[in-house]
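Report on the structure given below.
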């Protein structure tokens, strides 16, 4: 993706309307990738807890679950298998690599092509997973799903740009920017929930092929995404970058629902021209004046993953089975956490532009810390270091409650805000590297956590929950002291916000915060 540029603060346009139906439809089509992403997150943990799936692809894990030797009574280590975790984690490594290619393809050919390629990759991956007869085909299918995720993320970033999150606040978008950006997270949580209930249903199918339905059903939304790409409009920014100015103006008029877009269109042209002059946006990102953006775009996605949330999202059924729940009970418990995840994300949509980012970050962090300490304490008390033990029905219900409270806290704080805040803090001249760093760090540590969790659970045991809780304490402290509040702050005023901050202000030159133009 081309580097950013400057935003010339011209005259305020005449359009003061809301978000048009055209924009809403574009967001829905683009967010279909989030639905698929969420479905793939939720589906993997369910199928890896199904006996038929384990017998076919991971017989060593299945025999460890059913044998009665002393080691196999250790609940912590029943699922410790690196090939099993590779089935889950390979998607995120593929998404990391694909996101770089997707960025360039989107820049050159527009998001219609990226959306089509992402949908097609999803579709082929779902088919391969559904018909897989060996572990190689299974993992190739997951890799193709990861490629689709990489493209889907890029398409949604472009969609938010289209709405105006990277433009001067001509139509009040800063007041609803949080809710619009969180739309992608909403679709991810819905996808996870759908996957949880699909797994619950297919686990009851006799004959050993229920897991195939779970994996292959990802092809349904993938097909809609592929077909929808035909009708998905390109962003005005992208059209201008390819030299078609009149077409870009018509598209902007459609987006705003008004013919009066001259001032905003002029800003887009100015930004595009300035972007061409910025030859080394990555070098700019490492200049002292962009130190706040570099740190925030690196640490926020790292912290988001090190909360341990994907332990729950990926492996909830496996975790619940590890703690002694039956197969059906573990899948239903995972579905319950999925419902909480969706509802909590809607809480974030409703409150993020009212109470602000920092308030949600801090409240969510405190709630997660309490829940993780309580869960770790309960598991440690009942299972100790040997991994032998069980929960009573009442204790099991209380454990599910604690995990739901933890998921709720994440879903209205670090879940959506981990994507929102890095997208807000970067001015256009470093927006491209900022987004790339955010996605890359997120996907890399998603891969690390997904690949390492079951082995960490085996070796660290109940202390794993204290490990994640310690990081939540650190990240909550970071937010309190080092994250400026970005609520209602237009993108072009972020430099002024950073200049006023007690710590970051020393990195921002005076001209960047007070001038009419921000040059790289």
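Glycine is no exception: its Cβ is also placed from the backbone N, Cα and C atoms.
Here is what TrEMBL says about this protein:
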- 19-39: transmembrane segment (TRANSMEM)
- 26-487: domain 'Major facilitator superfamily (MFS) profile' (DOMAIN)
- 83-102: transmembrane segment (TRANSMEM)
- 108-128: transmembrane segment (TRANSMEM)
- 135-156: transmembrane segment (TRANSMEM)
- 176-198: transmembrane segment (TRANSMEM)
- 210-232: transmembrane segment (TRANSMEM)
- 293-319: transmembrane segment (TRANSMEM)
- 331-352: transmembrane segment (TRANSMEM)
- 364-384: transmembrane segment (TRANSMEM)
- 396-415: transmembrane segment (TRANSMEM)
- 435-457: transmembrane segment (TRANSMEM)
- 464-483: transmembrane segment (TRANSMEM)
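Between the transmembrane segment (364-384) and the transmembrane segment (464-483) there are 3 or more Cβ pairs closer than 8 Å, counting only residues 6 or more apart in sequence, so the two stretches are in contact. Contact between the transmembrane segment (210-232) and the transmembrane segment (293-319) is not supported, since fewer than 3 Cβ pairs fall under 8 Å when only residues 6 or more apart in sequence are counted. Among 83-102, 396-415, 435-457, 396-415 has the largest number of CB pairs under 8 A with the transmembrane segment (176-198). Model confidence over the domain 'Major facilitator superfamily (MFS) profile' (26-487) is summarised by a mean pLDDT of 86. The list of residues near the transmembrane segment (435-457) in space but at least 6 beyond its ends in sequence, with Cβ under 8 angstroms from a Cβ of it, reads 1, 76-77, 79-82, 84-86, 88-89, 92-93, 95-96, 99-100, 103, 150, 153, 157, 285, 294, 297-298, 300-302, 304-306, 308, 310-311, 314-315, 318, 322, 418-419, 422-423, 426, 464, 467. For the transmembrane segment (293-319), the residues of the chain that approach it from at least six positions outside its boundaries are 41-42, 44-46, 48-49, 79, 88, 192, 196, 199, 285-286, 330-331, 333-334, 337, 341, 368, 372, 403, 406-407, 410, 414-415, 417-418, 421-422, 425-427, 430, 434-435, 437-439, 441-442, 445-446, 448-450, 453-454, 464-465, 467-469, 471-472, 474-475, 478, 482-483, judged by C-beta separation under 8 angstroms. Listed as Cβ neighbours of the transmembrane segment (396-415) (distance under 8 Å, sequence separation of 6 or more from its ends, same chain) are residues 185, 189, 303-304, 307, 309, 312, 316, 320, 323-325, 329, 333, 336-337, 340-345, 347-348, 351, 360-361, 363-365, 367-368, 371-372, 374-375, 378-379, 475.
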